[in-house]
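Reviewing the structure listed below.
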Amino acid sequence: MESKGKGEKASLVSSPNFKSTLCHPSKLAFKAYFLFFYAAVGSYFPYLMLFFKQLGMSAAKAGILSGVKLFSEFIGGPFWGTVADKFRIRKIILFASLVSFSSGILLFMPFPPRNQECIETRANGTVIETPLSFTTGEIRYDKSHEDEEQSEEDGGFLNHAGHSNFTRRIDETEISQIFTTFLIITISSQIVGSVVFNMPDALVAGFLQEGISTFGYYRVWGEVGVAIGSFVVGGVINFYQSEVCGEIVKNYFVLFYFFAGFISLAMFTLIFLEATYPDEDTNDSNLWLLVKELMLFHNAMFVVVACFLGVLVGLNEFFGLWYLDDLGAEPYMLGLASGLRYTVATCGYTLSRIVIDKFGHTCTIAVCLLLYIVDYMSMSFVRNPWLGVALFSAQGFLYGTSWSACVVFGGTVSLRVGFYSATQGVLGGVYWGLGVGTGVLLSGVLINWLGVAKTYFVYSVVTFIVLVPFSLANFWIRSKDERGNSDQEYNLLAKETEENH
């Protein structure tokens, strides 16, 4: 779509007509894109680690594959954002990023293990070795005619107490080769795909401009998409399960089919997104203005705190359900906690505009840090799994509100310098890449050393240490600005009095 000028766009976004028109084409296109793209994310993200585990990978290998994706955003986000702004090709960069990102996920399918065996030791001492097959998307193993008859007599499964013991033999050399292949695929796909999460936020920020505080109204559809994708795929996966080699296994290959469908819809919706650029030409001097703007004390401090918020999300996103499982939560409680978190996050995005308009994005971040302290401190002492579910879900509201405040901060900076994609690339890279990536790795180390409960306690203490200087510094900056405004008004009044006399 043709991009409108800055003044025309600002009046369109801020007008009451725009706010009340639910079917405005540009507005609807952004919401549809967030819905479909994050439905694709929801269809693979909760289950990809389980897919790696089912293939036979260790937690360390699976963690490395996830960590590489996160850290690539820290490096690639600012770079591709700058390129998109400089050459005014945000939609082209986003499309290329979508293709690269989706290819990196779908290319996990053609490399199943081929050298795994199921070793069955029966009560009479008979040992049967049967190859496992992953080629059809389900783990299968061929049974002899005698096995099939025994299976039918026992109700359809070979594994019954007192009949057989099962052991799964994994070829570690083959798993290492698959891991190396997956790592190469991940790194290659993330060269361009690293900006896939940040660029849509930049497009919305450029579209809204002075109306950036309404960002949450758009991004909330992403949380709706995540909830839909994870719920639908989870239900289908639970339906397609069978007993293989003494354990219940699920067909996680299903996630790739749903991911392909949702990401295709997102690519189609991308055609209708509107990219808005500043009226003036983007050049190197503008980029230097962005660098200088972010290096100002109060802006640099905000970026550092945004990184720390990502660290907090890394702990909860990857180890929150793990902790609930340690507390004795039933499987249905874990599913409920995950669904509630997405639901509460939608509330955070929806209400973020009211909160940010009322208190400002800086105070909103400070309040979120304070609530993180309360929530994480409570998590460290909780022993009731139901209370843990409530505390885990509440963090979704803090996540939605705090990330909206970060995007609003990026939008206010972009209004002054014009680099929407580069600014959001820096923020997204710092928050999701450096912050969440560090949070995952650091949390894993601390959990192995201290346990999950004590790790939550440590994070709450560190959050308090971050909150105090952040709040004091912003109080000092605000007081200084108010004194400056008062002095300016006094000088103006004195000058008018002099002229009258």
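The backbone N, Cα and C atoms fix where each Cβ goes, and this holds for glycine too.
Given the structure is predicted, the values throughout are model-derived calculations rather than measurements.
The annotation domain 'Major facilitator superfamily associated' is assigned in TrEMBL to 30-456. As annotated by TrEMBL, transmembrane segment applies to 32-50, 62-80, 178-200, 220-240, 252-275, 295-315, 359-377, 397-417, 429-450, 456-477.
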Ranked first among 32-50, 178-200, 295-315 for CB pairs under 8 angstroms with the transmembrane segment (252-275): 32-50
Proximity verdict for the transmembrane segment (32-50) and the transmembrane segment (220-240), three or more C-beta pairs under 8 Å: yes
Ranked first among 178-200, 359-377, 429-450, 456-477 for CB pairs under 8 angstroms with the transmembrane segment (397-417): 359-377
Long-range Cβ neighbours of the transmembrane segment (295-315) (under 8 Å; 6 or more residues past either end): 362, 365, 368-369, 372, 376, 399, 402-403, 406, 409, 413, 426-427, 430-440, 442-443, 455-456, 459, 463, 466, 470, 473-474, 477
Stretch among 62-80, 178-200, 220-240, 359-377 sharing the most Cβ pairs under 8 Å with the transmembrane segment (429-450): 62-80
